[in-house]
């Protein structure tokens, strides 16, 4: 970068003159001179960019460019013409004459100079320029070319261990073998010599007339090194003028299981949550995409948004009818399964170490919270228990039914962009998620206790009566049932449920209160509530807490206990741990596309360190977020 000293003295008058052989009538140089003269009046003053611009115009490399420009302009204005366009022939004639002349040192030196290779090359270049012989002369076309004969093009490609990057098909009417598509990033696309629609005539000297596409593919597969194609070029080559788009896969796709894919080998498999770069959307049914995790490879075929949504819809309607399917999530269980799933339906939170094993009665626990040095909101037994039962609430079901049904056949791709939080922006909401007993609540507690001035939970809402030692806005926001239900119907409640006849929940406004204070809001959610949180105003970063293997879970939870409606201090059983692992797999299978980060809770200390690191990256490093979040922010400004 060119820098200048603002305190420097103005340049001398002689320095303002450009050191070039510039013609005064030259427009560009004259303008630059005038600019330098004007800038010299402001040089050294506190004017942004003046010194930098002056130094730029006065730099040696720009002066050298101006010299070259002036020389070219001078040559152009003189309109010089060569003395002869046949200087090389004239040189040969001079050499022949010198041979007949009596020998002398001068004549011998002249003869050696004219016969020197460099001088001959100089004269050859002179004659080429003088004769304007810049392109090779093609032989004239013969007069007896049949009008019906198509123009041919010979294409040679050197194939190493890389795929050719093209697919072929047979024309239904003519039976010709055509190039169906050119895969982005493949050998054929990089060469720029083959286009979709080109007709193959020969491959390595073998005519493809009458062959099936599979036979042509076999010829290509057996070829090594150089592959020679003889093709009839398409009259109007397709041009991909579309802008590249990045999407998050909201479903999974396996080309090997799709009978409709045009070329299985060219298919690109992906899983939920993968970020794809869509490089070609010219085909209405099959797009070309690549994973950003592997940008070096060529693109592959994926179903278009319309086609994949249609496949999802066909699969959805082909399933056996299940009444009230929209009310169920992967966490829901039938009444017959209730006794076998204590850890899921009846458990409050069974976390590591001694947190849950020292669980007090509800009244005593809340009173202890009042006497703490700092108060942590949102850790009430009733709040956690009602959240586990929220899917049984008729109110919850009536509001969420439509969204749940829609999400089952929702958009298979979600357009995303890179988002970098600016220092002036509010922090992103941190959402923790995981099966019961994995340690979500304890991780959140330790995170807030680690730095309560930086991390905070949102204060929940409740319809129960405030107790004598409680304060409105500290333990809970105490509201009427009518107010609570209005918040639900206006979609201002992120989560809610009912416990002992009272409603509990966390509102958007409660989260915003924490964010406006310049703190990071940390909350834990059930997976079925995640859609309501994914808004542009909160920009949540979802972290999934995953249990470790059975051996590690037995060791870390040997002293932990499960708190249920029916038992107190019930030890973890192997079936409880197995159910926790199974539940985590189901959550990851159904909701994994919403997870921004996954932490395996092998030990509470390591998991907490990983959580801190993940939160820091979420707030400070670029992340993929839905494009609607950014467009909504732009419209609101």
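Each Cβ is built from the backbone N, Cα and C atoms, and glycine gets one as well.
As annotated by Swiss-Prot, region 'Disordered' applies to 1-22. The compositional bias 'Basic and acidic residues' annotation in Swiss-Prot covers 1-17. Positions annotated as domain 'L27 1' by Swiss-Prot: 24-80. Per Swiss-Prot, domain 'L27 2' is recorded for 87-137, and the stated evidence type is sequence analysis. Residues annotated as domain 'PDZ' in Swiss-Prot: 154-235. Taken from Swiss-Prot, the feature domain 'SH3' covers 242-312, and the record attributes it to sequence analysis. Marked as domain 'Guanylate kinase-like' by Swiss-Prot: 427-616. Residues or ranges marked as coiled coil by Swiss-Prot on the basis of sequence analysis: 568-621.
Summarised by DSSP class, the composition of the domain 'SH3' (242-312) is 14 helix, 24 strand, 33 coil.
When averaged over the domain 'L27 2' (87-137), pLDDT in the model lands at 87. Summarised by DSSP class, the composition of the domain 'PDZ' (154-235) is 15 helix, 32 strand, 35 coil. Secondary structure counts, DSSP: the domain 'L27 2' (87-137) has 38 helix, 0 strand, 13 coil.
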